[in-house]
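Reviewing the structure listed below.
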Ligand SMILES: Nc1ncnc2c1ncn2[C@@H]1O[C@H](COP(=O)(O)OP(=O)(O)OP(=O)(O)O)[C@@H](O)[C@H]1O
């Protein structure tokens with residue numbers, strides 16, 4: 001029987017406990033500040049979503065202003081649904097703004113994206129201070145329903161809203177969309193190669209982040225009754241970002257702790273007779289410290305907890321007699337006239353390649369021969385490659401990477417591209433890009449000797465990560481898998497064991513394999529036929545023993561450390 005994974009409930013449940021205790025224990029005097037802390041925590045939770053996807057947003061309070069504006073307008077109209085529905089509407093109205101600001105993120109990264117979001121924050125601040133919020137001119141307070149009329153009741157309401165949002169964020173974090181955010185942060189190329197649209201992953205993160213900010217704005221409108229532009233200034237947005245970096249708002253407790261810091265540290269300074277502005281200086285120092293250590297406060301704590309966990313020992317991967325490499329039948333992949341130039345370098349020159357169905361075919365060649373370029377051209381990473389590529393009779397020309405993956409062409413990478421923020425099971429499910437049963441997952445995991453599904457990718461050795469990438473490609477059930485040096489990081493015996501398993505892939509999983517490798521023992525073991533590239537040109541093709549005996553192949557390798565004996 002499959003077990004339901006409820007680990008996503010853990011942090012929101014603990015947050016609920018904190019809210020319940022605080023609702024009873026916080027004295028009346030501190031309730032207003034405590035509610036403000038929860039409002040900031042809601043906005044921080046949203047920042048954590050774009051943070052999960054590796055992006056920076058400095059305009060979170062601009063989205064909050066949209067939410068607050070919506071609530072104020074619905075209040076003026078006395079729209080049905082009371083403050084609670086108005087707040088949700090505020091979140092929804094903020095979402096398209098999030099997508100709009102997310103659009104530059106499709107091309108920009110790091111500091112460039114930060115500058116764009118800062119520009120938006122500045123522009124939004126000018127707009128909201130030039131035009132009054134609805135109801136301000138007529139002194140119309142945002143009305144709260146009776147059951148959340150008192151400060152304590154409103155605190156509980158804000159706390160519950162935070163917990164429900166946290167539950168939603170944690171749940172989405174466990175879905176394919178959440179895995180896509182982590183994957184995009186780690187490698188956009190690998191995310192696309194796993195069949196996931198990088199654009200959709202980024203835009204969904206921005207949209208949900210803006211939704212959370214919109215909720216925070218609506219919550220604030222209900223708390224203070226009458227909102228002004230000062231609530232949404234650029235400096236306040238910057239402070240929120242800085243605290244998110246310091247506390248770690250990707251974690252529910254990081255968001256909660258951040259909200260507490262934003263509200264209570266300035267208050268502490270005020271009581272000590274020091275300017276509250278010093279709080280921002282303190283936050284800045286904290287963020288610099290977090291960036292230089294490479295982890296926020298919550299990430300540091302999580303690392304310490306992880307360090308107590310024993311690292312999973314990779315299962316033994318013994319060579320087994322996988323039989324003879326299968327010879328293919330009809331053509332599956334057909335590439336014709338592939339040509340790629342990098343300036344003066346002709347990386348591929350008029351390359352024709354046919355991979356038959358039901359086979360494991362090798363692609364070898366000395367360093368710089370053009371093997372990775374060919375993989376990139378086939379999988380769609382080089383959009384301006386000349387020539388044509390067809391898979392199973394269907395043209396892939398002009399299709400972006402994720403569409404080629406969906407059409408049945410999967411690839412792996414020379415460098416480790418398995419996102420560290422996931423468990424083995426979560427990664428396999430994400431990269432499979434289809435619904436897989438637990439049995440299917442266990443079958444493929446076992447077949448390749450990958451660590452258990454509960455193990456964290458972060459705890460794995462390089463060899464296990466390479467195998468995990470191969471397992472994910474198999475689990476996707478593509479027509480063709482292009483493996484770019486899958487044995488890099490594996491011991492020789494493990495490479496041979498992998499070769500034994502690859503031989504079984506066509507019959508067992510219905511996928512042909514194009515194996516790019518420098519380990520010629522592995523190639524001889526796994527492949528029925530091989531193709532040799534040299535200086536971007538195919539110089540030989542046929543059965544391994546025959547091809548490797550050719551003098552022109554030996555010449556291509558001369559000077560290279562790979563021996564052909
Ligand atoms: N982005 C790039 N810009 C300029 N030149 C490039 C680029 N990528 C590859 N090249 C050049 O194209 C040629 C083919 O490189 P490629 O990486 O495809 O070879 P390879 O056979 O995969 O080598 P290796 O076995 O070392 O991975 C090389 O001369 C390389 O220097």
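Every residue gets a Cβ built from N, Cα and C, even glycine.
Where the annotation comes from TrEMBL, it is an automatic prediction and has not been curated.
Since this is a predicted model, take the numbers as computed values, not measurements.
Among the features that TrEMBL reports, transmembrane segment is placed at 7-25, 58-77, 83-106, 113-134, 154-172, 205-226, 232-265. The region 'Disordered' annotation in TrEMBL covers 308-327. The domain 'ABC transporter' annotation in TrEMBL covers 333-560.
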On the 0 to 100 pLDDT scale, where does the domain 'ABC transporter' (333-560) sit on average?
90
Leading contact stretch, 7-25, 58-77, 113-134, 232-265 vs the transmembrane segment (205-226) - CB distance under 8 Å:
58-77
Maximum Cβ pairs under 8 Å to the transmembrane segment (7-25) - stretch from the list 58-77, 83-106, 154-172, 232-265:
154-172
Could you pull out which residues elsewhere in the chain have a CB under 8 Å from any CB of the transmembrane segment (232-265), counting only those six or more residues past its ends?
11-12, 14-15, 18, 33-34, 36-45, 47-49, 51-52, 56-62, 64-65, 68, 118, 121-122, 124-125, 128, 162, 166, 169-170, 217, 279-280, 282-284, 286-287, 289-291, 295-299, 302
Which one of these stretches, 58-77, 83-106, 154-172, has the most C-beta pairs shorter than 8 Å to the transmembrane segment (113-134)?
58-77
Could you give the residue numbers and ranges of same-chain residues that sit at least 6 residues beyond the transmembrane segment (83-106) on either side and whose C-beta is under 8 angstroms from one of its C-beta atoms?
55, 57, 59, 62-64, 66-71, 74-75, 113, 116-117, 120, 142-145, 148, 161, 198-199, 202-203, 205-215, 217-219, 221-222
